[in-house]
2 protein chains.
Amino acid sequence: MDVKYIINKVQLYQARNSALCNHDKARYFFFQYYKEFSQLLKTHIDNRPVIDMVSEEHKAKTHRDALEVCKMGVLDVRVIQKDPKIFLSYLTSLSGCDISLMAKLVIHFQLFGGTILELGTEEHHNKYFPDIKSMKIVGGFGMTEMGHGSNVRQIETVAEYDHNTKEFIINSPTRSSTKFWIGNMAKYGTHIVLFCRLIYKGEDKGVHGIITQIRDLDSRKVLAGIEIGDCGPKIGWNGIDNAWIRFTNYRVPKENLLNRFANISDSGEYTCQLSTPGKLFQVTISQLVFGRLLYICGPIKALVVTLRTGLTYAFNRRQFGEKGKKEDLIINYPSHYQALLPMLSHLVAFEFARDSIIERLLEPKTTDERLDETNSTISGVKALVNEYTMIYLNKLRTFCGGNGVSSYNLFGYYRNEMDIFQTAEGDGAVLYQQLSKFLLSEYKKWYKKEGVTGYIIKEVQTFLATSNPMYTHTRSIPYILSNEFHHHAFLYRFERVRSTVIEKLSHSKSKKMTFLQSWNDSLLYVIEMAKAYSHLYILEQSHLAIRRCQDPSTRNLLNDLIKLYALSNIEHDFAFFRNCNFLSSGKALAISDAIKELCIGIKPYALQIINSDYNVLIDPLLNIPLANLDGDYINHMADRVGVPKANL
Amino acid sequence: MDVKYIINKVQLYQARNSALCNHDKARYFFFQYYKEFSQLLKTHIDNRPVIDMVSEEHKAKTHRDALEVCKMGVLDVRVIQKDPKIFLSYLTSLSGCDISLMAKLVIHFQLFGGTILELGTEEHHNKYFPDIKSMKIVGGFGMTEMGHGSNVRQIETVAEYDHNTKEFIINSPTRSSTKFWIGNMAKYGTHIVLFCRLIYKGEDKGVHGIITQIRDLDSRKVLAGIEIGDCGPKIGWNGIDNAWIRFTNYRVPKENLLNRFANISDSGEYTCQLSTPGKLFQVTISQLVFGRLLYICGPIKALVVTLRTGLTYAFNRRQFGEKGKKEDLIINYPSHYQALLPMLSHLVAFEFARDSIIERLLEPKTTDERLDETNSTISGVKALVNEYTMIYLNKLRTFCGGNGVSSYNLFGYYRNEMDIFQTAEGDGAVLYQQLSKFLLSEYKKWYKKEGVTGYIIKEVQTFLATSNPMYTHTRSIPYILSNEFHHHAFLYRFERVRSTVIEKLSHSKSKKMTFLQSWNDSLLYVIEMAKAYSHLYILEQSHLAIRRCQDPSTRNLLNDLIKLYALSNIEHDFAFFRNCNFLSSGKALAISDAIKELCIGIKPYALQIINSDYNVLIDPLLNIPLANLDGDYINHMADRVGVPKANL
């Protein structure tokens with residue numbers, strides 16, 4: 001075998017897990033917490049993925065396990081406040097358990113507790129945090145209704161303030177206002193943060209959050225004025241008891257209003273620090289961002305595990321070959337390696353982007369603008385990562401043939417558990433639009449600052465047009481392989497689509513469409529813009545991350561991997577690049593050839609790369625028969641299902 | 001609303017279900033059987049999809065239900081022989097039940113019984129068919145081993161002929177020779193057709209089929225010499241008890257050899273009607289073709305059901321909109337309709353192709369060549385339909401947001417149950433290669449007949465080159481919308497990729513690669529060739545099918561739907577068409593515009609189209625809350641999970 005790279009294992013490991021464990025002690029610290037908590041978990045609960053259990057039993061197990069985890073006394077809302085790094089390390093450890101258990105604790109600590117932390121005040125913190133820590137109370141997040149998921153602003157549940165008793169009177173006025181999918185609540189939950197319209201002196205003040213008790217703490221009976229039931233079995237997360245909830249003149253004391261930003265004084269005066277209900281709403285849901293980060297970490301973890309299985313199998317399974325010779329390893333079929341290696345390159349690029357987001361989220365809060373940018377970027381990356389993950393999980397299963405169908409190899413498990421990640425806390429189409437809005441407002445700001453009407457658009461278009469000739473036809477391999485070309489292509493794509501959107505929006509304006517009409521009319525481009533930006537962000541962060549790796553040969557390998565990400569991404573979008581004449585057909589073919597060469601070059605190192613992820617090193621490998629490091633999948637599958645050793 | 005088409009319901013219905021129920025009485029007959037059997041089923045068993053049951057219980061239920069269905073006395077291997085149309089109508093009805101029940105009966109009647117029918121002789125038929133009919137014996141198909149799935153030719157189980165006792169001695173010589181995934185066998189099965197290498201006088205005669213009893217009929221105990229166990233939980237089909245099986249000097253009488261083509265006489269002479277073990281092997285597995293048809297019907301059924309759900313929801317769910325106005329229907333967002341309507345167009349095209357295949361399979365057997373062509377086409381269409389189905393199922397789920405996650409809406413159910421269809425009886429990559437081999441041999445025959453070395457390739461290339469100029473730049477909308485253009489594009493794509501493959505294979509030959517090496521080196525193109533051909537077949541069959549519809553306006557609608565299929569397929573492959581300069585960038589953009597216009601034009605008729613499928617008309621709609629014809633999804637979801645009616 002031609003030795004193309006000499007890998008420095010430590011450096012590869014550090015580069016792959018930069019946000020978690022490089023030489024910086026603070027980060028190693030994070031990693032240490034992850035490791036210790038992971039090991040501790042195993043001594044307390046059976047944390048293996050649940051693969052064959054009815055949902056009722058699964059819910060009971062998940063609740064028992066959650067109580068056990070809380071008994072360990074490690075998880076605490078105050079940790080989110082004091083050291084979010086450590087809290088994140090705990091949640092990351094939990095992603096190695098059955099996903100329902102992780103989800104239950106995230107809902108309880110981060111969605112319920114975190115909302116009280118962000119929107120509540122000291123009194124709420126002191127009153128609730130100890131009971132959240134011990135799980136004496138079980139919390140949920142009461143936002144979604146039957147009629148409204150994505151468009152939360154239009155929820156219908158009302159809380160009317162009654163100054164006589166200093167209480168809110170909560171009602172579900174229609175069937176569509178029924179709270180739906182409220183996690184942790186159908187069987188075991190005691191409290192939710194209820195999101196509802198606050199009606200003050202007959203006036204609708206918009207969406208507010210109110211801590212609302214659901215069950216009596218002693219008897220665990222549902223309180224009068226509340227009707228509740230289970231939403232039934234689901235594609236995944238069946239250990240979570242999702243509830244529908246209805247309120248009829250249910251009364252909650254005034255002090256349960258999360259009043260950091262909006263308050264009702266003892267004398268009964270409503271005040272709000274924010275200028276409009278719209279802004280209050282934005283602040284109210286902005287704390288979902290931390291959660292969205294988890295929706296990036298989860299799919300990446302699932303990809304690490306399943307891609308590792310797919311690669312290990314491909315490097316050991318033989319099928320077909322020359323007559324009279326040993327059959328060929330399936331990794332050597334282009335249909336396999338030209339699919340698996342681009343997946344690996346995407347995964348590593350996603351990880352670099354994830355690590356950069358973690359670092360950004362954990363930096364001390366700076367400007368609103370910076371926060372806006374981070375939030376919008378997270379939205380795009382979350383949508384993108386989930387989209388790729390679902391496609392890859394399906395392909396990976398088929399690459400393992402019939403063995404992929406066995407529950408033990410976890411392809412179905414992860415697909416079912418990850419499915420909900422695609423739309424939870426923001427459907428892809430909605431999140432992409434959110435990012436695009438930010439990207440257009442950035443453009444607008446710049447445009448306003450420059451102050452030359454029409455000029456900028458023209459200039460951008462000129463840049464787009466003139467930038468072509470020098471690149472379109474260059475088939476030079478070094479240039480095709482250069483990071484400079486990749487960055488230019490990704491940047492070009494983003495700027496080009498943004499300029500198309502701007503053009504379309506201006507054009508519709510002249511046709512007297514409303515903004516919403518013209519926005520919707522351009523929706524496919526709006527979504528493309530956000531995707532293009534997300535890929536640009538991922539590429540840039542990958543380039544930055546690789547620079548940190550000091551060993552030249554290891555860095556070369558990572559560099560080639562990201563080149564493969566960039567080129568296979570460009571190839572996937574040839575239609576775009578060819579249609580705007582960014583590439584000639586000859587250059588496109590040269591790119592496809594370069595991809596094949598990169599795949600062949602990286603192939604011998606694929607297992608080492610995938611196995612340098614911290615999840616793989618520390619986790620018990622989830623006991624996946626096809627993924628065992630020794631590659632002896634036949635014996636591991638056979639042992640798992642009780643096939644006796646051959647007696648001949 | 002602009003009325004673009006006036007639909008003749010009867011004609012739409014007949015066109016959509018041509019193989020099943022047009023004016024031809026034989027076909028109506030088929031349909032009648034389907035209808036009656038469907039209704040009969042409901043009175044005998046609870047045939048609803050199983051969505052929340054542990055696999056042990058699911059297996060028991062499936063077995064009980066299968067026995068009940070057999071008690072009805074309708075299913076019989078002899079029906080496959082006498083009137084495959086009717087047998088197919090029964091299986092089609094069963095696809096409306098829990099998929100495991102269908103799978104169990106298909107394995108029993110079609111894989112086990114059908115193999116005995118095709119490879120066995122009269123004595124086998126008379127001996128086994130009555131017991132198969134009553135399910136006194138439960139049959140399975142013993143082909144796959146731990147070490148070999150796709151490459152069946154290399155299976156390791158041996159049956160050595162012992163003339164002293166006129167028996168075969170069956171052994172599993174290695175752990176990898178363990179029979180694996182053998183359906184119906186882990187708990188309840190009594191017999192399999194065992195595929196194994198026949199060793200005759202020390203010589204390996206290749207793969208043969210032998211009826212092998214596994215359990216005693218009275219005690220249902222596993223017979224001595226056999227070890228058996230359950231393969232464990234799976235992504236789908238959990239009502240099927242898949243087994244691993246090992247043999248140790250297990251003896252089976254000579255007469256159990258399925259001896260239609262290869263026989264051992266009473267005097268102990270081995271004879272084979274076919275020239276080579278390779279041909280015997282081909283004949284042996286050729287009867288899988290009928291099964292492969294079911295692997296086309298199943299995913300199409302799943303698509304009908306889930307697309308119907310997605311469309312019904314999109315036409316009723318509102319989210320976001322102008323301030324102060326009713327929110328917009330989500331079907332009106334381009335991100336929805338430009339995805340859902342191309343899906344609908346693909347589904348209808350797939351159905352036309354399926355119906356043509358049914359008709360071909362049911363025609364009296366003609367030439368080997370015709371059979372070869374049919375088999376190869378089925379392979380390609382099977383692979384293609386399954387590929388699209390899995391992608392669509394995932395998208396459709398997200399288009400229904402959180403409600404798509406509820407098991408009641410069956411997205412997860414179908415995805416899990418259909419998953420195995422992707423690789424069962426042939427993984428996509430293997431099947432595509434099978435089709436490509438046929439397409440190349442066709443070319444070779446033609447080439448040989450023409451007898452002008454090198455000329456043909458050159459001519460094809462010339463055709464490919466000269467055909468461009470006149471089309472590349474034409475942006476004329478009528479031309480872009482013409483069936484002629486679509487057919488030309490699809491044909492061009494196929495011929496172009498085939499010529500690339502031929503070129504690559506010849507080139508590798510000159511580099512002294514073995515055929516297998518050069519084949520594998522060109523694998524991505526080989527697979528593309530088969531996909532291109534499959535799409536061409538689907539398009540041609542759709543054009544033929546539409547001609548049968550006599551009502552002009554209904555025909556126009558179907559025509560536009562297939563235009564949408566063709567153009568969205570071309571758009572999906574813009575990279576190819578642009579790279580070989582078949583399309584100019586301007587024309588490509590015009591095509592994208594035309595797609596949007598077609599979607600907008602067809603949109604108002606989408607529900608009527610999807611609801612004209614026979615599955616929808618007769619089935620109990622599977623009680624899917626989001627798919628109810630009245631569109632009142634909130635109340636249906638609410639009723640399903642017990643939400644009380646609003647009391648305000």
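Using N, Cα and C of the backbone, Cβ positions are placed for all residues, glycine too.
Over in TrEMBL, the protein carries these features:
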DOMAIN    B:140-249  domain 'Acyl-CoA oxidase/dehydrogenase middle'
BINDING   B:Thr144, B:Gly183  FAD binding site
DOMAIN    B:288-440  domain 'Acyl-CoA oxidase C-alpha1'
ACT_SITE  B:Glu425  active site, proton acceptor
DOMAIN    B:488-641  domain 'Acyl-CoA oxidase C-terminal'
| remark: Among the recorded positions B:Thr144, B:Gly183, B:Glu425, the one whose Cβ has the most other Cβ atoms within 10 Å is B:Gly183
| request: Between the Cα atoms of B:Gly183 (FAD binding site) and B:Glu425 (active site, proton acceptor), find the distance and write it as a whole number of Å. | output: 13
| task | Using C-alpha atoms only, work out the spacing between B:Thr144 (FAD binding site) and the residue listed as 'active site, proton acceptor' and round it to an integer in Å. | result | 10
| request: By DSSP assignment, list the helix, strand and coil residue numbers for the domain 'Acyl-CoA oxidase/dehydrogenase middle' (B:140-249), in that order. | output: 3 helix, 52 strand, 55 coil
| remark: Taking every residue in the domain 'Acyl-CoA oxidase C-terminal' (B:488-641), the average pLDDT works out to 92
| request: Filter the recorded positions B:Thr144, B:Gly183, B:Glu425 down to the ones with a Cβ under 8 Å from chain A's Cβ atoms, keeping sequence order. | output: B:Thr144
